[in-house]
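Asks: I am attaching a structure below and will ask some questions about it afterwards.
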Amino acid sequence: MKLLLYLFGVTFHSNTVVALELRECSHQLGMSNRKIRDEQISASSSFDLQSTGPQHARAHQESGSGAWCPKNQINSLSKEWLQISFSVDTVITSVETQGRFDDGRGMEYATAFKIQYWRPSLNAWASYKDDFELETIPANNDTEHAIRRHLDRAIIARRIRIVPVSNSTRTVCMRVEVFGCPFDDSLVFYNVDQGDLQSGISYHDFSYDGNLANSPHLTGGIGKLYDGEVGKNNVFVNHHKWVGWRRKRNGNVKLAFEFSELRNISGILIHTSNEFKKSAKAFSSATVLFSINGKDFSDTIVHFNNPEDTESEVPRWIRIPVNNRIAKVAKIRLNFGTDSDWLFISEVNFESNHTNIELLNDDVVIPDSVSYFSVTEHDDGTSMFAFIIFFFMFLIVAVIILTVLYRKREYRVKASSPSPNAKREILLTIDGNTIKHHVSPSTYQMARDNLQNALIEKMPMSPIISDYAEPDISVCSDVTANTPLLYGIDGPYDTQKRSNPLSSMVKYSDYGEVYCTTLPEIARDKLICVSRIGQGEFGEVDLCQLENRKVAVKKLHGISQADEFSFHREIRVLGSLKHPNVVEVVGVCTIQKPILCIMEYMENGDLKSYILKNPTIQTSQCISICTQLAAGLAYLESCNFVHRDIAARNCLVDGEGNVKIADFGMARSLYSQEYYKVEGKFVLPIRWMAWEALLLGKFSTASDVWGFGVTMWEIFSLCSEKPYSDMTDDDVVENLQSMSSTGSLKQVLSRPRMCPSKLYNEQILPCWNYESSRRPSFENVHLHLQSLVHTSPHIHF
């Protein structure tokens, strides 16, 4: 029975990603606000414990004589330290220091310091090193002002020591604050061979904090491969975040990861380079072994082959799928690419969740793939009777599980944070512009990558500003009021209750707080306006510069309190969506009016305009675009979000050729001819709408699939005409009414010339099935499109 309970837990426990997540790990840890208690602060010595003891080392606070002052003067070899102890392992991302001001009487400050840290898994204190392998960190130039230093890599510590140093002997006093967050992951350490040197450049894992001992093998610590930082392009120049190995005699690199608890692992993600022109390809294959105790490894081994990519040299995440393996230790062997002299890795993450070990006895064998049960026969037959009961209970539970999974297929709850993007990219060039092929296993899961959400513009904005449509993703729950949107539909519906299903008031009304997120508050003076992009549903949309990136800024002003509430709900819902093929909300400005929503800027504008400006686009590019959109829509599907207005005009293209799902209030004015005006009140995209959405007001992921079928037709038609271009709006409505009454359309969109017959018949046509349950899921559409990416040059028409 415990094994059954265990199986239940494995089946329904959502996967999380074991990774060092730094985007929201910069909180003040409590020196200034006294969340860190006096008893958690200690020091090697104090000039006077009462007036300059460690309890006075709080930044932005004046107590005692104003700071901690060690008993001895400081030089470059000093060993004085201030120690902060935490109750749990903690991620430290930055340190702030001040001197002793003491209302102007102080004269002492530290010009530099070092960091030492410890946690229970380490045998000794470790020293922090920056990207240049230096331990010394610059500190203060006066006694009053605080200086905050961001660490080049985060450290994981239970105790941290601030060690003041100086080139000349001097008296020093310090106040400090530390920033970071609790360490919630379960990785204890990883073991790996030390990296190699190339022409004096080190590709060592120099931040590794375990047992070094001048050995070529690193054990018992954590370093670059688990610091939340991924490497940049051109590993031979931007080498600081990479660990690199030359091809050895055996041609592989071995890694071992140990967790503090049993984990149910479903995937391993490895960030690797692929600079094949410099003989630094991604790994060609991988082998993974698992153990529940670190000693005995399962005979069931995971083998993974990574297809060689000779098109793109961009670093990428590669996902190794693992079929729910229970393990405390995972050993990974990566084989060098063909004719590759180097292998570079910058980060390793795990898709996994906690396994409740209390359900497992020592004598319960956790199955690798097939479980074998044996029963010892007793004279009284009791054991056989128990076995029969157990067997039938197992069958009943299995049927229940399968039934629930089937029912949850269409009505999934909002997914947990998806895993980092495991995409492969194949660059396709169209008259100097670039679109990316994305080929990724289980892309619908991979929202977190995004991983660093890098949104830096790489191409100048088109001079035709009307081509840019405001990102405003319209999403809505399946649970909608089934009210017809047109007059003349039978049923007891109050016509006064008809409302625009594309408005923010309606489309976000079904989302409770569970779907919302708290977005970063961005200082208004950080935004430098570049130009006006256009007009959105709530106000103007401007192109602005935010530090080193360009962003699209939506303004809200001069509207009702209800619209302001809708705007707040919209941006909070949108902020919860994180996927490489969904336009991202960067932050908000809400402290002053007008309220601003800062969104990712997509410099190549909407997909329809982009395709129209590139008439030489080929079938392979069309398949790539559809694959990317299907990935984003599969993610929305997994979150149970409904878009309601999927069309080429509502997708955007960034400077690198990434195509992303969006929905623009502005698109309805840019492409007003593609919308049908209902009673002079609102407009509907009837040529993209499923029959049940238009006639019954039923919006679901299945109605989105219908719209995506029309969108694929658009893409393969090169957006040269609108759907059903030979029909009036009334004819289109009549066509959908025909499906409602007869189960079939009078007229179906014909296969575009550039669309392969197989794709049209097997992927596009099924999107327009009368029964929504017979339409494919976005997950299945995405998987089928991915399979075509590899064969697109050989597709027959």
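Numbering starts at 1 and runs along the chain as displayed.
Placement of Cβ uses the backbone N, Cα and C atoms for every residue, glycine included.
Pulled from Swiss-Prot, these are the listed features:
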type     : residues                                                                       : note
ACT_SITE : Asp645                                                                         : active site, proton acceptor
BINDING  : Ile533, Gly534, Gln535, Gly536, Glu537, Phe538, Gly539, Glu540, Val541, Lys554 : ATP binding site
DOMAIN   : 527-785                                                                        : domain 'Protein kinase'
REGION   : 46-66                                                                          : region 'Disordered'
SIGNAL   : 1-19                                                                           : signal peptide
TOPO_DOM : 20-384                                                                         : topological domain 'Extracellular'
TRANSMEM : 385-405                                                                        : transmembrane segment
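Give me the lay of the land around each of these features.
Replies: For Asp645 (active site, proton acceptor), other Cβ atoms within 10 Å of its Cβ number 23.
A sphere of 10 angstroms centred on the C-beta of Val541 (ATP binding site) encloses 26 other C-beta atoms.
Counting residues of the region 'Disordered' (46-66) by DSSP class, helix then strand then coil, yields 7 helix, 1 strand, 13 coil.
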Asks: Return only the integer: C-alpha distance in Å from Asp645 (active site, proton acceptor) to Ile533 (ATP binding site).
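Replies: Just about 21 Å between their Cα atoms.
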Asks: What is the number of other Cβ atoms found within 10 Å of the Cβ of Gly539 (ATP binding site)?
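Replies: Cβ-Cβ neighbours of Gly539 (ATP binding site) within 10 Å number 20.
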Asks: Just counting, how many other CB atoms are there within 10 A of the CB of Ile533 (ATP binding site)?
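Replies: The answer is 24 other Cβ atoms.
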Asks: Which whole-number mean pLDDT does the model give the domain 'Protein kinase' (527-785)?
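Replies: Across the residues of the domain 'Protein kinase' (527-785) the model's pLDDT averages 85 on the 0 to 100 scale.
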